[in-house]
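A quick write-up on the structure given underneath.
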């Protein structure tokens, strides 16, 4: 891919997101999301591998379905209310369809099944764009239509926390683990959105910062599999020493950065007399913490046989293994 084409696609991503941010009309907001989708598809296929082509096809079908549903819901809402304004989404059926379409756009459970498979077929850089930048425009629309149905958002949030934690249990591919991590974190943001939108922005900003740092770490060490984490010490020791802190922060372990948004969300849910929801969210987040701890353990406390630091003399000299006569 030439630098001119690559620059054009990156600029298109920025224009699409900016158009959605600046829109108060559903049609313009939908157009911005479509520009984003069309701009990232060539970036997904730049490796020209069958896996990348498969991931791009799955992504296109999922996004096309969500976009068609979103446009249908916006048209129906305009038919019933006489307004294309984003803040005037008052028809219950249109509102539900819009929410589900946007949930599919960003990968919220139970409409999340496309995201791990797509992430697995992408490079780490394209996966970073998909996990961060591509979520800005749909999340902006969810943020604007959120006040109408807290029960729907709480259900989507709890399901995403469960699916994100449970799905990453037996994964060995880091890109799939990061996809499930994204699903779980989005669940926390959506869970509190109806009660404290500013707190959602705090959680989203923290998620973007930590996800960018983790992707950057994996890109620098060229790590895509859990088994190769233990050899990253030999590549960039300083960066490898900081990566477990990022992983534990994503898991919400105190006193790291990722703990603060979750603690504030649980506190706000308790203030809203939703103690049961807060307890369930805290318990389900332990699933995610498990595979973050697993990655941290693999990265810091294991030493593979092919690591020069772990090549002991008795492995090199077979005579040391024989007993004296």
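Placement of Cβ uses the backbone N, Cα and C atoms for every residue, glycine included.
Since the structure is predicted, the reported quantities are computational estimates derived from the model, not experimental observations.
Feature annotation from TrEMBL assigns transmembrane segment to 6-28 (among others).
What TrEMBL records for 23-285 is domain 'NADH:quinone oxidoreductase/Mrp antiporter transmembrane'.
According to TrEMBL, the feature transmembrane segment maps to 59-80 (among others). Through the fold, the transmembrane segment (59-80) approaches residues 26-27, 30, 33-34, 37, 41, 44, 88-91, 93-95, 97-98, 100-102, 104-105, 111, 114, 118 of its own chain, all at least 6 residues removed from its boundaries and within a Cβ separation under 8 Å.
Distant neighbours of the transmembrane segment (92-111): 33, 62-63, 65-67, 69-70, 72-74, 76-77, 80, 134-135, 138-139, 141-142, 145, 148-149, 152-153, 156, 159-160, 162-164, 179, 182-183, 186-187, 190; these residues of the same chain sit at least 6 beyond its ends, with a Cβ under 8 Å from one of its Cβ atoms. According to TrEMBL, the feature transmembrane segment maps to 92-111 (among others).
Per TrEMBL, transmembrane segment is recorded for 151-170 (among others). Residues 96, 99, 103, 108-110, 112, 116, 176-177, 180-194, 274, 277, 280-281, 284-288, 290-291 of the same chain, all 6+ positions outside the transmembrane segment (151-170), place their C-beta atoms under 8 angstroms from a C-beta of that stretch.
Per TrEMBL, transmembrane segment is recorded for 177-195 (among others). Sequence-distant contacts of the transmembrane segment (177-195) (same chain, six or more residues past either end, CB-CB distance under 8 Å): 103, 106-109, 112, 115-116, 118-120, 127, 131, 135, 139, 142-143, 146-147, 149-150, 153-154, 156-165, 167-168, 171, 203-204, 207, 211, 214-215, 226, 250, 261-262, 265, 268-269, 272, 277, 281, 285, 287-288, 291-292, 295.
Outside the transmembrane segment (201-221), and at least 6 residues removed from its termini, the chain residues within Cβ reach (under 8 Å) are 124-125, 127-128, 131-132, 139, 143, 174, 178, 181-182, 185-186, 188-189, 192, 232, 235-236, 239-240, 242-243, 246-247, 249-250, 257-258, 260-262, 264-265. Annotation comment: TrEMBL describes 201-221 (among others) as transmembrane segment.
Counting only same-chain residues 6+ beyond the ends of the transmembrane segment (233-254), those with a CB under 8 A from a CB of the stretch are 181, 185, 210-211, 213-214, 217, 220-222, 262-263, 285, 288-289, 292-293, 295-296, 299-300, 307-309. According to TrEMBL, the feature transmembrane segment maps to 233-254 (among others).
What TrEMBL lists as transmembrane segment is 274-293 (among others). Residues 154, 157-158, 161-162, 164-166, 168-169, 171, 177, 180-181, 184, 188, 191, 247-248, 250-253, 262, 265-266 of the same chain, all 6+ positions outside the transmembrane segment (274-293), place their C-beta atoms under 8 angstroms from a C-beta of that stretch.
Feature annotation from TrEMBL assigns domain 'NADH dehydrogenase subunit 2 C-terminal' to 289-324.
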